[in-house]
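As structure tokens, the structure follows; a few thoughts come after it.
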Amino acid sequence: MPTGDFDSKPSWADQVEEEGEDDKCVTSELLKGIPLATGDTSPEPELLPGAPLPPPKEVINGNIKTVTEYKIDEDGKKFKIVRTFRIETRKASKAVARRKNWKKFGNSEFDPPGPNVATTTVSDDVSMTFITSKEDLNCQEEEDPMNKLKGQKIVSCRICKGDHWTTRCPYKDTLGPMQKELAEQLGLSTGEKEKLPGELEPVQATQNKTGKYVPPSLRDGASRRGESMQPNRRADDNATIRVTNLSEDTRETDLQELFRPFGSISRIYLAKDKTTGQSKGFAFISFHRREDAARAIAGVSGFGYDHLILNVEWAKPSTN
């Protein structure tokens, strides 16, 4: 196999290794052996040593923008930077468009259009949701019913009025006999009712002890005269008003809130359907005083309630 010395042209990779491991720049020496697109092997005139740096160039072709810049690194080597951008058209509100046309000031007075990473931080869009007052009330923490009972006395001692049982009172042996003796001296009742002259002795205690049946005529209170409710009923009839033209969704609580400002109410009767439970359209309101009922008629009659005009008048007295 013949051997001999021959001159070989160094490859492009060897030249890159000899020049150094700096991959940021492309010098004119490296471009000598690289064929250009036009077939010319001469380097770009902008990268020749001693030539001034040309200004940046922008070329827009449709929606593609190409920006070409020339810079010099720390070693004095020239290099070219080519950046390609895709232009997108986005719709924005008029207020946002006007803010983009504002002139920059301060440290960003000479910055190009767009945000500067040194002074501006671009983050994700945050959407703000406003809640109503009802939702705000629902978000409030519900009060614990046990916290209300903390300040109340559940157990009260009959001797010292402390918050413990009477059987566990530490002053039971000292204050108990003293209170009993004082009550006897003052003639206070100790729980047993004194018998009045001519009054029959109640048989209720005997019934509890023996368990025998006691007829109603011999029970406690049998000698007292019964009270008639007829006068009270007549008073209710005199202070009762009749409300008509009510909606089907009306409830007794609605009538209570509507007529409560005029005076004290004794009873409310709302006529309802037996099957559906809805209002039949009329109701009766009884006040304790006739003056309050008169003011309710003057104030509510002709009043618009639940998209209906109410009619209020005096109720006819019952014939029973």
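Including glycine, each Cβ sits where the backbone N, Cα and C put it.
Lifted from Swiss-Prot, the feature list:
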COMPBIAS  221-234  compositional bias 'Basic and acidic residues'
DOMAIN    239-317  domain 'RRM'
MOD_RES   Ser8  phosphoserine
MOD_RES   Ser11  phosphoserine
MOD_RES   Thr38  phosphothreonine
MOD_RES   Thr41  phosphothreonine
MOD_RES   Ser42  phosphoserine
MOD_RES   Ser189  phosphoserine
MOD_RES   Ser223  phosphoserine
MOD_RES   Ser264  phosphoserine
REGION    1-59  region 'Disordered'
REGION    209-234  region 'Disordered'
Rounded mean pLDDT for the residues that make up the domain 'RRM' (239-317): 90
Within the domain 'RRM' (239-317), residues counted as helix, strand or coil by DSSP: 22 helix, 30 strand, 27 coil
